[in-house]
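Worksheet: the structure to be examined is printed underneath.
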Amino acid sequence: MPAILFSTFILNKDRSNLSNAIAGGLPADLGFDLSVINNSVTMHGAVFAAFTITGSIAAKRFGAHRWIGLLTFTWGVLIWAHVFLTGASNFYVVRFFLAAAQGGVIPATLVYLGKFYKKNELATRLSWFWGVQSIASAISGLMASGLLQLNGVGGLQGWRWLFLVDGIITDLSAFFLLFWLPKDVFSTKGLLRGPNGWFTPNQEQIAYVRTVRDDPLKKNYEQRVKPSDVWEALTDFRLWGHLLMAFVGLMPLTPFRTYLPLVIRNYGFNVYASTALTAPVNMLTFITMVLLVRNADRVGYRGVHGAFAYAWYLAGWLLLVLLPETTDKTWRYIALMFLGGHPFPHALNVAWSQVNMAPIGKRTVASGMIIAAANLCAIPGAQIYQPWDQPYFRVGNQICVSLSATALALYIVQGTYYTWTNAAREKKWNALTQEQKDEYERTTKDRGNNKLNYRFVT
């Protein structure tokens, strides 16, 4: 798990550097305005989403432990390639290929983690996964506040130094991941892992059996995805509920993350302070998210926990909308910190969808689809904040209020549906005799989560 957390730290460090580069003057230096940034974020979301589906399938085909490292090295090259940008055209080209490289890594990671953890452990691990992304954003802001001060050194603007250093760190990290991540609990010997491995043969069996007992589908975990798995995922309306929650709920996050340093700068802070002040916001997100998801794993009721997160989110957006024009910059920043510090529920939604998808091939496709939905939202989300809406983006914030309220309702509906379905299935199942139950198991054409004796996690 530490190596996976390190990989997602690298991923989000690189995904955060654009917002810091914007505050450092990238658009003006390349001769364009925020509309080009918005268009590039829209394109990035579409391309990223397209490659998430293939990412989970490729992880099954080539091995997630290899695929993660290869993708990391590829996007590292594309990060430091930003040093050579001269205008909007090659900016679009580099951002296109960067999105393609980064798009497959999160689905590959979901495939990888799924083989090691039980149902009531996965959400907490995913909260660490996305929580570390918040830490990466915080550290990225602090790094940027220093690297941007290299402006003019070696004839390079500060934001070019930012991309150069980030890219080199990423490529060095990729080599570590390629030679460290094991295929499974039985393959921990060799390379950087050492000649003796991490577990004794007895421990390997225990680690394997514990996950299979929790979810018998994992006996076939290495099975490759079939066309029927893709079709079953596409036609499962329950999965589409999770996709809607990701698409609608994460849409406000696109302008928030893209322009957070700029928004803080618009409040009246200087460029170096504006990047550094993103750190407390991201650290608070990490703390609240891990606490929320850990509690959801402990007591259940994912829908209730997700609804709580979006109630907080909604309150934060309302606060930004209702602040008077005369509000002091310090109070504006405190309101922004309250909003940004909400318990980010995406890890909860991803884990919730994963444990409720069966069989295993369908679950693999679903992992790609939900990450796709979480990035497709950037297409409309990138247009929420417009240049004419500066400095406080009041119209954009009003749109985010509506989206957050919708996401809150979606979580309530999804949780209620699962609870109702479980009760209805339980009633039907208990009405059958043992002979009828045995006959159903022998003859049913229902598969996975469509079976009468399958119970959803609520």
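Glycine is no exception: its Cβ is also placed from the backbone N, Cα and C atoms.
As given in TrEMBL:
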type: DOMAIN; residues: 1-458; note: domain 'Major facilitator superfamily (MFS) profile'
type: TRANSMEM; residues: 41-59; note: transmembrane segment
type: TRANSMEM; residues: 66-85; note: transmembrane segment
type: TRANSMEM; residues: 91-114; note: transmembrane segment
type: TRANSMEM; residues: 126-147; note: transmembrane segment
type: TRANSMEM; residues: 159-181; note: transmembrane segment
type: TRANSMEM; residues: 239-259; note: transmembrane segment
type: TRANSMEM; residues: 271-292; note: transmembrane segment
type: TRANSMEM; residues: 304-324; note: transmembrane segment
type: TRANSMEM; residues: 330-352; note: transmembrane segment
type: TRANSMEM; residues: 364-384; note: transmembrane segment
type: TRANSMEM; residues: 396-420; note: transmembrane segment
Open item on the list: Same chain only, please: residues at least 6 beyond the ends of the transmembrane segment (271-292) with a C-beta under 8 Å from a C-beta of the stretch. Say none if there are none.
Closed with: 19-20, 23-25, 124, 127-128, 130-132, 134-135, 137-139, 141-142, 144-145, 148-149, 260-262, 264-265, 305, 308-309, 333, 336-337, 340-345, 347-348
Task: Mean of pLDDT values spanning the domain 'Major facilitator superfamily (MFS) profile' (1-458) - done: 86
Open item on the list: I need to check the long-range neighbours of the transmembrane segment (239-259): which residues 6 or more away from its ends have a CB within less than 8 Å of a CB in the stretch?
Closed with: 16, 18-19, 22, 37, 41, 45, 137, 233, 306, 310, 313, 317, 339-340, 345-346, 349-350, 352-353, 357, 366, 369-370, 373-374, 376-378, 380-382, 384-385, 393, 396, 399-400, 403-404, 406-407, 410-411, 413-414, 417
TODO: Compare 66-85, 91-114, 159-181, 304-324, 330-352 by their Cβ pairs under 8 Å to the transmembrane segment (364-384) and return the stretch that comes out on top.
DONE: 91-114
TODO: Count the Cβ pairs between the transmembrane segment (126-147) and the transmembrane segment (330-352) that lie under 8 angstroms and are 6 or more residues apart in sequence, then report whether there are at least 3.
DONE: yes
